[in-house]
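Notes follow once the structure below has been shown.
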Amino acid sequence: MSGMRTLGEFIVEKQADFPHASGDLSSLLSSIRLAAKIVNREINKAGLADIIGAVGTDNVQGEAQQKLDLYANEKFKAALEARDQVCGVASEEEDEAVAFNKALNQDAKYVVLMDPLDGSSNIDVNVAIGTIFSIYRRVSPIGTPPVEADFLQPGHKQVAAGYVIYGSSTMLVYTTGHGVNGFTYDPSLGTFCLSHENMMIPKKGTIYSINEGNYIRFPLGVKKYIKYCQENEPQDQRPYTSRYIGSLVADFHRNLLKGGIYLYPSTLSHPEGKLRLLYECNPMAFLIEQAGGLASDGQRRILDLVPTELHQRTPFFVGSSEMVNKVEEYLETYPDQ
Ligand code: AHG
Ligand code: MN
Ligand code: MN
């Protein structure tokens, strides 16, 4: 126990990495930590609420059964608004960016973009889900409401990014551009404790993660890459291993720890891919680069893409550097007709 460091202590300690830090970012990260605990509590009883709901006759459970992704959206928004470090948020659950109107919020210098509940199709089946967040310094003047340009910044401008994974244990993993650190939640203490210091993804891995049901609709280069994974034996007479949860956060987290690649390419029906650049791909790209890996849209570095729309999508290849390089090679060698 003596060496144990909590997330709160760590945030304060790391404030020294930023020479003129005012503590605003630390306070912002603390709001995220708080919202994560609240959402975690709700997720942990999601199954239970269903049992109770099924027994009851009338709809007294109505509020508890509010869709978890809307619940998470409200809790994160409320936590961010309450602490006055954020002037606005953009979220998967909101058509437009939300400006916080209080004067104190308008004096804030940060905006947050988020996917409040990632992997929603896994909520009902007790499989890991997550929250993804991305933080930028606003470009509009302090003291005014945020504008679209504050949210449409390229990923390399991110100040911090991270995710919460609500899994067999709950973890918060984040970066401020000085490496990646992971904290595991101890529910008995109500505290996140540093459990994964300075996380680095192996340069090569043996896991590939893709929804292979879409195989027929993949670009030729991706099909060839999958065949490469199936035909080669990187692990002593075993081909690469396929692992796909269907929650980006969970697939990413496993690959970060073990080495691997996550792919969501363009498909015939989704020519731009499925994942959203601003609140799914950019934060994960920032994290993976900080952990020594790569993130690409197949040709270009994700963090260099200049967004034009809040909810824009992009093909996404993220993980161990040698694996991402390999996919890029295949896409170049086998361009689609
Ligand atoms: P969300 O639940 O926020 O809508 O995100 C789901 C995303 C991502 O988490 C996951 O990796 C991917 O969609 C799964 O898509 P498929 O079901 O098409 O494989
Ligand atoms: Mn998502
Ligand atoms: Mn979502």
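Along the chain as shown, residues are numbered 1 onward.
Glycine residues also receive a Cβ, built from the backbone N, Cα and C atoms like all the rest.
Source: prediction; values computed, not measured.
The Mg(2+) 1 binding site annotation in TrEMBL covers Glu92, Asp115, Leu117. According to TrEMBL, the Mg(2+) 2 binding site annotation covers Asp115, Asp118, Glu280. Positions annotated as substrate binding site by TrEMBL: Asp118, Gly119, Ser120, Ser121, Asn211, Tyr244, Tyr262, Leu263, Tyr264, Lys274. Marked as domain 'Fructose-1-6-bisphosphatase class I N-terminal' by TrEMBL: 6-197. For 201-331, the entry in TrEMBL reads domain 'Fructose-1-6-bisphosphatase class 1 C-terminal'.
Sorted by the number of other CB atoms within 10 A, the binding-site residues Tyr262, Tyr264 start with Tyr264, the lowest. Take the CB of Asp115 (Mg(2+) 1 binding site) and look out to 10 A: across all protein chains shown you find 28 other CB atoms.
Look at the binding-site residues Glu92, Asp118, Glu280 and count other Cβ atoms within 10 Å of each Cβ; Glu92 has the fewest.
For the binding-site residues shown (Ser120, Asn211), fewest C-beta neighbours within 10 angstroms: Asn211. Ranked by Cα separation from Asp118 (Mg(2+) 2 binding site), the binding-site residues Glu92, Tyr262, Tyr264 are led by Glu92. Closest to Tyr262 (substrate binding site) in space, going by CA atoms and restricting to the binding-site residues Glu92, Asp115, Leu117, Glu280, is Glu280. The Cα atom of Leu117 (Mg(2+) 1 binding site) lies nearest to that of Glu280, taking the binding-site residues Asn211, Tyr264, Glu280 as the candidates.
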